[in-house]
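What TrEMBL records for this protein:
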type     : residues  : note
TRANSMEM : A:6-33    : transmembrane segment
TRANSMEM : A:40-60   : transmembrane segment
TRANSMEM : A:66-84   : transmembrane segment
TRANSMEM : A:96-119  : transmembrane segment
TRANSMEM : A:139-164 : transmembrane segment
TRANSMEM : A:196-218 : transmembrane segment
TRANSMEM : A:230-253 : transmembrane segment
TRANSMEM : A:273-293 : transmembrane segment
Amino acid sequence: MMDWLNFLFGVEVAVGGLLSGVMYALVAIGFVLIYKTSGVLNFAQGAMVLFAALTFVSLIERGVPFWLAIVFTLAVMTMLGFAIERSVLRPLTNRSPMVLFMATLGLSYVIEGAAQLIWGTQVHRLDLGISNEPIDFGGIYVSQFDLAAAAIAAAMVAALTLFFRFTRTGLSFRAVADDTFAATAVGLRLNLIRSTVWTAAGFVALVAGLLWGARLGVQFSLSVVVLKALPVLVLGGFDSILGAIVAGLMIGASEKLAEVYLGPYVGGGIESWFAYAVALVVLLVRPSGLFGTKLVERY
Amino acid sequence: MTSVADFPVGPAPVSRRVLGIGAVLIVAFAVVPALASPYVFDAILLPFLALSLAGLGLNLLTGYGGQVSLGSAAFMAVGAFAAYNFQLRLGVSLPLALGLAAATSALIGTFFGLPSLRLRGFYLAVSTLAAQFFVQWALNKFGWFSNDSASGVISAPKIAFWGLDLDSSAGRYFFALIVVTLITVLVWRLVSGPEGINLNAVRDDETAAKVIGVPVLRTKLAAFAISSAIIGVAGVLWSFAYLRTIEPEGFNLDRSFQILFIVIIGGLATIRGAFLGAALIVVFPLLLARVSSALFGGVIDAGVLKLIEQIVLGAIIILFLIAEPNGLVAILDRARARLGRALRRD
């Protein structure tokens, strides 16, 4: 009997981990979108999550209805995307990916600072109207909120997949990702496409920001989710949405299991680095991640 | 036919460079101590020296070696805590503790540099974050490192050894200055020697370097080891000479980014760059605070000022990457060349 209960507990932990992995993947997908089309590892994605969530919650607090707030926040993220493309990425065209990465590091400082300067530094509560009551699945308790978050994430991935397959803009994203020169040669407008990608990443940031914000409260520490997403990216490969999801699930589950079963032996709190250790071990076997394109070195 | 000697080596002729370095040393060792107040020592010069050294260490790895690291602060922490524990538990003198701390940082740096043998670019940059989080976790988790101090914050031992008492502001400045000068000379010898050339070769084209017989693996690991050792010593200076307390919180991810920013702003793959970058990073917040209090009185509170500082710093990084990727060093060289031309014309 005891064994069975222990087993159930283990499953519960694993399921909880998988679901929090979905949340990691949610942030990681924003990275993948930008990396695929412009070859930039956008460190500012976390700052964009913060900015989107903070803008949304501040609008709600000022009495703006839910959907209007979503639309308005999306408009702001679109403007931000275009502004970034115009003022940061375009002047840095043809520079090394590392320079671009460091520029996004600077960008994350600017966005984080600006978001808090505009909307204040206090913690905002965000209620999406999803209950946090656990549901009982034959002895395994699963948080309702986590399930809803997973469903929203799944819907978003489905929408993104359809978008990339069947819309003209989505197809041109893929063309640019495939071969920038050829895409320019057939007349695709590179600058416009890159701005649009940043807008799409802004949309993903908004979704991630709402879900993470509902869980942790909307505050500065939201931008730290970027640090949770990085090992997921490394593990899944920088340019694969599928990889981001699979790696998110793997890291979420192994992290929670390790915290419960390994943590007590080393004093706990190993969540801060365990994901990185998992990613590193896997990378030693597969240096370009699980689903990443075989590494093309472009320093 | 032109011989090699017709071309100046480096930015200026050797004789003039020696003159310039001599002038800097005279200013640092004689003029500054004569003029500086304790406030200037404690709030500007000591953090400047510690951060310059950290920047120098990271520049070796990132500027000369082409491996971006986001975990520098972790090695500062390793150095600081190693020196503390060597002094506490073995009772060694500070110079020896400094050497042992450097060796410890080198060892741990080599370990975290191992992924560089297989990973490149972003994958490597992200994996250096593992060092950052692991070291901070370990130092917080195991009380042994901080001698089971309840708060986790330890006051650093006095800077006194061999019968010398250097615990005053000026004394700590001289101690830090001598350490920084010695290490700078070593780094300068290193990068202008064959090892430095190997390092550049690995950075510019790893395959080509391997083909012409550069020991790529050894060079990469050595870069991690030496860079971490220097950053470790910088950590000792930071906590022993500047803060005079040792705590893991001060060596967080933001500190790592700060050191990376120093290297970017100052100029990659230059020795002067680390010093110029550190000067800007240290002076800029003080200057900003002065300017805002002069312009707006006390209207802007400290929190808002912090945010403005963050925004401006980020903007400076982007601006440098766009407009002057070679950093302050390039700006300085241009200014000097222009000045030289103007003087010659007269």
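From the backbone N, Cα and C atoms, a Cβ is placed for every residue, glycine too.
No curator has checked TrEMBL annotations; they are predicted automatically.
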Chain residues outside the transmembrane segment (A:66-84) and at least six past its termini with a C-beta under 8 angstroms from it: 44, 48, 51-52, 55-56, 59-60, 107, 111, 195-199, 201-203, 205-206
Beyond the flanks of the transmembrane segment (A:139-164) by 6 or more, those residues with Cβ under 8 Å of it: 8, 11-12, 15-16, 19-20, 22-23, 25-26, 29, 33, 130-133, 170-171, 173-174, 200, 204, 207, 211, 214-215, 241, 245
Recorded stretches the transmembrane segment (A:6-33) and the transmembrane segment (A:273-293) touching, at least 3 CB pairs under 8 Å: no
Outside the transmembrane segment (A:230-253), six or more residues from its ends: residues with CB under 8 Å to it: 14, 17-29, 31-33, 35-36, 41, 157, 160-161, 177, 275-276, 278-279, 282-283, 288-293
Chain residues in Cβ proximity to the transmembrane segment (A:273-293) (below 8 Å; excluding those fewer than six residues from its ends, i.e. six or more beyond): 228, 231-240, 242-243, 246-247, 250-251, 254-255, 258-259
Chain residues outside the transmembrane segment (A:196-218) and at least six past its termini with a C-beta under 8 angstroms from it: 23, 26-27, 29-31, 33-34, 37-38, 42, 45, 48-54, 56-57, 70, 73-74, 77-78, 80-82, 84-85, 123-128, 130, 145, 149, 152-153, 156, 160, 169, 173, 225
